[in-house]
């Protein structure tokens with residue numbers, strides 16, 4: 001459960017990210033593919049090379065979904081319901097992949113905003129990404 005301090009940390013960090021969210025989403029997705037090659041199996045139709053426009057575009061979709069989740073932190077299940085359905089019923093993404101991407105998102109944010117990436121912010125973002133992952137995998141049961 002996200003505390004009020006966690007919510008403040010997440011919103012503040014996301015505000016600082018601003019217009020870079022899509023760029024960071026693409027970078028985190030590429031980092032996921034490089035670090036965890038099995039994640040590539042869900043994207044056989046993508047050009048997965050460094051700097052791929054398809055990876056960047058999908059990374060922007062990820063970032064947009066997270067931006068929506070930040071705006072609706074008090075109702076993540078409602079905000080992410082359609083995305084949860086898509087990943088559970090149509091795409092059938094292995095739930096572990098959300099954790100892997102979350103890790104790569106944390107690394108990407110830490111690389112771009114080291115001064116703001118305090119232990120408290122790290123913990124809050126980790127809890128937030130975990131909450132998002134939990135919602136996205138809730139329909140698997």
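Glycine is no exception: its Cβ is also placed from the backbone N, Cα and C atoms.
Annotated features, as they stand in Swiss-Prot:
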| type | residues | note |
| --- | --- | --- |
| DOMAIN | 1-141 | domain 'Globin' |
| MOD_RES | 3 | phosphoserine |
| MOD_RES | 7 | N6-succinyllysine |
| MOD_RES | 11 | N6-succinyllysine |
| MOD_RES | 16 | N6-acetyllysine |
| MOD_RES | 24 | phosphotyrosine |
| MOD_RES | 35 | phosphoserine |
| MOD_RES | 40 | N6-succinyllysine |
| MOD_RES | 49 | phosphoserine |
| BINDING | 58 | O2 binding site |
| BINDING | 87 | heme b binding site |
| MOD_RES | 102 | phosphoserine |
| MOD_RES | 124 | phosphoserine |
| MOD_RES | 134 | phosphothreonine |
| MOD_RES | 137 | phosphothreonine |
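Feature map: Swiss-Prot annotations on the structure.
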| residue | record | Cβ neighbours (10 Å) |
| --- | --- | --- |
| 11 | N6-succinyllysine | 15 |
| 16 | N6-acetyllysine | 13 |
| 24 | phosphotyrosine | 21 |
| 40 | N6-succinyllysine | 13 |
| 49 | phosphoserine | 11 |
| 87 | heme b binding site | 21 |
| 102 | phosphoserine | 20 |
| 124 | phosphoserine | 22 |
| 134 | phosphothreonine | 15 |
| 137 | phosphothreonine | 19 |
Taking only the modified residues 11, 16, 102, which one has a CA atom nearest to the CA atom of residue 40 (N6-succinyllysine)? 102
Let me check the 10 A CB neighbour count of residue 7 (N6-succinyllysine). How many other CB atoms are there? 16
DSSP, reduced to three states, assigns residue 49 (phosphoserine) to coil
Here the mean pLDDT of the domain 'Globin' (1-141) is 94
Identify which of the recorded positions 3, 35, 58 has its Cβ surrounded by the largest number of other Cβ atoms within 10 Å, counting every protein chain shown. 58
Between the Cα atoms of residue 124 (phosphoserine) and residue 7 (N6-succinyllysine), find the distance and write it as a whole number of Å. 7
What counts of helix, strand and coil residues does DSSP assign across the domain 'Globin' (1-141)? 113 helix, 0 strand, 28 coil
Could you give the Cα-Cα distance between residue 11 (N6-succinyllysine) and the residue listed as 'phosphotyrosine', in whole Å? 16
Quick check: of the recorded positions listed here (16, 24, 87, 137), which one has the Cα closest to that of residue 7 (N6-succinyllysine)? 16
